[in-house]
Number of protein chains: 2
Amino acid sequence: MSDDPNRIKALGGGSLLIAWQLKDKNVLIVGGGEVASQRVESILTADAHITVLAPASGLHPRTKLFIELRGDRVTHRDRQFEGPSELDGMDMILTALDDNELSNAIVKMSRERRIPVNAADIPDLCDFYFGAQIRDGPLQIMISTNGNGPRMASIIKKRLQAGLSGLEGQAITKVGLLRNKLKQRAPGVGGLLGRERMKWMSQLCNQWEMEDFSSLDDSAMENVLDKGWERGKRVPKPSELGISRRSTTSKSFSTTSLLLPSIAFFTGAVTATLLLSYSGRR
Amino acid sequence: MSDDPNRIKALGGGSLLIAWQLKDKNVLIVGGGEVASQRVESILTADAHITVLAPASGLHPRTKLFIELRGDRVTHRDRQFEGPSELDGMDMILTALDDNELSNAIVKMSRERRIPVNAADIPDLCDFYFGAQIRDGPLQIMISTNGNGPRMASIIKKRLQAGLSGLEGQAITKVGLLRNKLKQRAPGVGGLLGRERMKWMSQLCNQWEMEDFSSLDDSAMENVLDKGWERGKRVPKPSELGISRRSTTSKSFSTTSLLLPSIAFFTGAVTATLLLSYSGRR
């Protein structure tokens, strides 16, 4: 968020990364192969209703699995695309076809009806792109290289995952629950109280480690509110509340970084002692 | 991508994270305050044309700055929202207003015209949400907590940034350039050659460190192709090509992890020697 004029003048060349809301919306996927199976998974994550339009003979095993296991959300139409009426009532269209001509035609129909559309492998025809994703409960991370290769995106994904403790999703869930409890104690929308609630939550999030939240159960949350919010809106220390820190990636790193030098110090001392006592004996 | 049936049955509760394409599209932002200034920045990144509709008296300094510096992309209409005709020719609508009633009305108009819309602070009215973002050249990363607080998203953002070397964007750019050079040497779309190109690029990306790519200049890229692709499609080692590894976050970590134990070993040896010689002197 810098105000450097040169930076502002250079802004461009990217996409708008957004979290599209599909809850109970209708999504048509034309095709049933491997790419289609990836699309089904992404769309299931977003709680939409999915129609997979493809002959059964061409279904990828994972697409079949989704159709079998998620009949609550996925409908299979065992046939080819038949015409514009397939788009009726749809909120998003995805094609995953080898037939570029058909993909082109479907994109054109979608545009006429102003339905967002993605045609796999034909970036020029897409309203939006997919990217590599990390999911951990309420936490979703997307990595886009703006068309510079899915391979690099998946390498970046591994690098990012290595920096996460794996407790972030749980921590975010707990922060959400704590915020709801706070709202019950200090209800109302906006105003001074709303700002105070937001400020207290914000301080708590800044002063605690994310992992401190992940272990909070219901009574521990009440305890945070009793000893924090209710006592002059202070931020209690996790140790005050008997919250023991779980081991995390970064903590296991600091343990290692202390352990290794200790062993090395000990080894050095023993080596010198042995050498000296050996030379003393001669 | 596991096929665990329980995982598949539990898929849901998230959003669809996508990279929306806005190049030369028209985006209307109603409002000019701080949130609007953040929106202008996000939309400028995606190369759209922006209309900011808000009385000049209510513009945030950053919104003003964007209007001043990016006249090529940002048009300011110094007035209130006047009615549905404001939406003519628009491809996306964003409201950033204190007036919830007006936001509601604009969302309704947008829906009637099937224009994607986001109303700041009114999640129920949004077709899509924004999230915390990391940008490094062609690399864009988005962090969404699915409405569980921007504070947590920005903490996750810092955690992810700590795991990046800062050379990823440059590396991705270079990989893109290298891929183009390879296509010039071995042209054609799809087929066996296309698969071989993809396989070689993929092996190269897996065997090299991302940072090895970041230092490639034009002649070094030709060298990679000469000594790799042209010699039986092998993957050359960076050292073979005289590519010296730049220091990265992960490498400075491994240096530290070797250095500290060495110092500790030495200190241990010296301490033992001093202690022994002291006790010997008594």
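Residue positions begin at 1 at the first shown residue.
Backbone N, Cα and C atoms are what each Cβ position is placed from, and that goes for glycine too.
The domain 'Siroheme synthase central' annotation in TrEMBL covers A:136-161. The predicted model assigns the domain 'Siroheme synthase central' (A:136-161) a mean pLDDT of 90.
Look at TrEMBL and you will find A:169-233 tagged as domain 'Siroheme biosynthesis protein Met8 C-terminal'.
Marked as transmembrane segment by TrEMBL: A:258-278.
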Intrachain neighbours beyond the domain 'Siroheme synthase central' (A:136-161), with Cβ under 8 angstroms and 6 or more residues off its ends: 13-15, 17, 19, 123, 129, 168-170, 172-173, 176
Residue counts (helix, strand, coil, in that order) that DSSP gives for the domain 'Siroheme synthase central' (A:136-161): 12 helix, 7 strand, 7 coil
